[in-house]
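Quick look at what Swiss-Prot lists:
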type	residues	note
BINDING	Gln46, Phe47, Arg48, Glu49, Lys50, Asn82, Ser121, Lys151	4-amino-2-methyl-5-(diphosphooxymethyl)pyrimidine binding site
BINDING	Asp83, Asp102	Mg(2+) binding site
Amino acid sequence: MKPVHAFMRLYFIAGTQDCLHLDGDPAQNLLNILQQALQSGITCYQFREKGKKALQDPDKIKALAIQCRDLCRQYQVPFVVNDDVQLAIDIGADGIHVGQTDMAVADVAALCHSHCFIGTSVNTLEQGIAAQANPLIDYFGTGPIFPTQSKEDPKPVVGVDFVSTIRAHGIDKPIVAIGGVTTQTAEELRRRGANGVAVISAITQSADIAKTVKELLGNAQ
């Protein structure tokens, strides 16, 4: 597997709750969007089935996650599970992403037995310093950079300067910038030190996924 920083160039996150604006079955819509995104060049995908409008049946969630995993494997793109460590283990995910209020990273690592790379979310400089010092954390998502409607409980906006601040404090682990990122802002975030950007609605709501992915990758292609 490539170094983790190579996967961060364009990190796509989505679940069925992000596909409700489309007609038809949300699960099938997610699979269709994911396949188009993979064909177009995303470098990592995180299965994030979360919130009141997401699937609630564990069996349906697992079945859909397996379909997403299999699509990612066809394109040799890492498949990451958000928060649900047991699901990640059960279906052989490549990575697991946990927030500050999810399972402790040490517990995640103990369960995964080094089979998954581990990412976490960072919203403050103090969290970034702690993530840098924790050898179990392979990368972290910083944000939200801009206001976002994709999450039900978004943290305070940190702005583009936060990425520069993180780097200025000697934090050199792979960083993916997330939260309201668009084709107009992705390159600026990379210039400030992010290894890449993570998006939800920029792709799920795109009328031309191939074009959007190309623009989000920009000079990182």
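Our numbering is plain: 1 for the first residue shown, then up by one each step along the chain.
A Cβ is built for glycine as well, from the same backbone N, Cα and C atoms used for every other residue.
Other Cβ atoms within 10 Å of the Cβ of Phe47 (4-amino-2-methyl-5-(diphosphooxymethyl)pyrimidine binding site) number 29 in total over all chains.
In this structure the C-alpha atoms belonging to Gln46 (4-amino-2-methyl-5-(diphosphooxymethyl)pyrimidine binding site) and Asp83 (Mg(2+) binding site) are separated by 10 Å. Within the same chain, residues at least 6 positions away in sequence whose Cβ sits under 8 Å from that of Glu49 (4-amino-2-methyl-5-(diphosphooxymethyl)pyrimidine binding site) are Gly15, Thr16, Gln17, Leu55, Ile61, Leu64, Ala65, Asn82. A simple way to gauge crowding: the CB of Asp102 (Mg(2+) binding site) has 17 other CB atoms within 10 angstroms, across all the protein chains here. Cα of Lys50 (4-amino-2-methyl-5-(diphosphooxymethyl)pyrimidine binding site) to Cα of Asp83 (Mg(2+) binding site): a distance of 9 Å. Gln46 (4-amino-2-methyl-5-(diphosphooxymethyl)pyrimidine binding site): 25 other CB atoms within 10 A of its CB, across all protein chains.
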